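Listed in Swiss-Prot:
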- 1-18: domain 'EF-hand 1' (DOMAIN)
- CYS2, GLU7: Ca(2+) 1 binding site (BINDING)
- 19-54: domain 'EF-hand 2' (DOMAIN)
- ASP32, ASP34, ASN36, THR38, GLU43: Ca(2+) 2 binding site (BINDING)
- 56-91: domain 'EF-hand 3' (DOMAIN)
- ASP69, ASP71, ASN73, GLU80: Ca(2+) 3 binding site (BINDING)
- LYS91: N6,N6,N6-trimethyllysine (MOD_RES)
- 92-124: domain 'EF-hand 4' (DOMAIN)
Amino acid sequence: GCITTKELGTVMRSLGQNPTEAELQDMINEVDADGNGTIDFPEFLNLMARKIKDTDFEEELKEAFRVFDKDRNGFISAAELPHVMTNLGEKLTDEEVDEIIREADVDCDGQINYDEFVKVMMAK
């Protein structure tokens with residue numbers, strides 16, 4: 001059998017996710033190898049493997065952020081960022097660190113909050 005967007009929505013909600021109709025369609029398009037608009041079981045397994053990987057990665061990000069948010073104020077300083085990245089297995093040049101800070105530090109306060117951090121990391 002095949003899984004439609006409606007059925008995928010039911011499955012995702014049972015897993016504690018709350019995707020929109022558009023997100024469900026994107027998920028199906030992402031793994032719909034034969035382009036028929038539904039996903040079969042192997043395609044479904046591929047999708048679930050990606051989702052689990054994303055979830056684990058987000059947990060890793062939270063953990064890394066917590067480790068380097070020394071005073072628990074919800075920010076990591078620009079100086080701490082290279083240590084965070086190394087901790088996540090990302091070896092970066094000074095230029096790359098500067099670029100991330102420029103991208104992430106929206107309010108130009110020299111610190112990166114958790115949301116800014118996740119946005120940059122998920123874009124990698």
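Yeah, the Cβs are placed from backbone N, Cα and C, and that goes for glycine too.
Here the features listed in Swiss-Prot are painted onto the structure.
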{"residue": "CYS2", "record": "Ca(2+) 1 binding site", "CB count, 10 Å": "14"}
{"residue": "GLU7", "record": "Ca(2+) 1 binding site", "CB count, 10 Å": "15"}
{"residue": "ASP32", "record": "Ca(2+) 2 binding site", "CB count, 10 Å": "18"}
{"residue": "ASP34", "record": "Ca(2+) 2 binding site", "CB count, 10 Å": "10"}
{"residue": "ASN36", "record": "Ca(2+) 2 binding site", "CB count, 10 Å": "11"}
{"residue": "GLU43", "record": "Ca(2+) 2 binding site", "CB count, 10 Å": "19"}
{"residue": "ASP69", "record": "Ca(2+) 3 binding site", "CB count, 10 Å": "20"}
{"residue": "ASN73", "record": "Ca(2+) 3 binding site", "CB count, 10 Å": "9"}
{"residue": "GLU80", "record": "Ca(2+) 3 binding site", "CB count, 10 Å": "16"}
{"residue": "LYS91", "record": "N6,N6,N6-trimethyllysine", "CB count, 10 Å": "8"}
Seminar exercise, completed: Taken over the domain 'EF-hand 1' (1-18), the predicted model's pLDDT averages 83
Problem set entry | Closest of ASP71, ASN73, GLU80, LYS91 to ASN36 (Ca(2+) 2 binding site), Cα positions, recorded positions only | LYS91
Exercise. Between ASN73 (Ca(2+) 3 binding site) and the residue listed as 'N6,N6,N6-trimethyllysine', how far is it from one CA atom to the other, in Å?
Worked result: 26
Problem set entry | Cβ-centroid neighbours of Ca(2+) 3 site ASP69, ASP71, ASN73, GLU80, 8 Å, sequence order | PHE68, LYS70, ARG72, GLY74, PHE75, ILE76, SER77, GLN111
For this session: Do me a favour and check the Cα-Cα span between CYS2 (Ca(2+) 1 binding site) and ASP69 (Ca(2+) 3 binding site); whole Å is fine.
Result: 45
Problem set entry | Nonlocal residues around THR38 (Ca(2+) 2 binding site), in sequence order (Cβ under 8 Å, 6 or more apart) | CYS2, ILE3, THR4, ILE28, ASP32
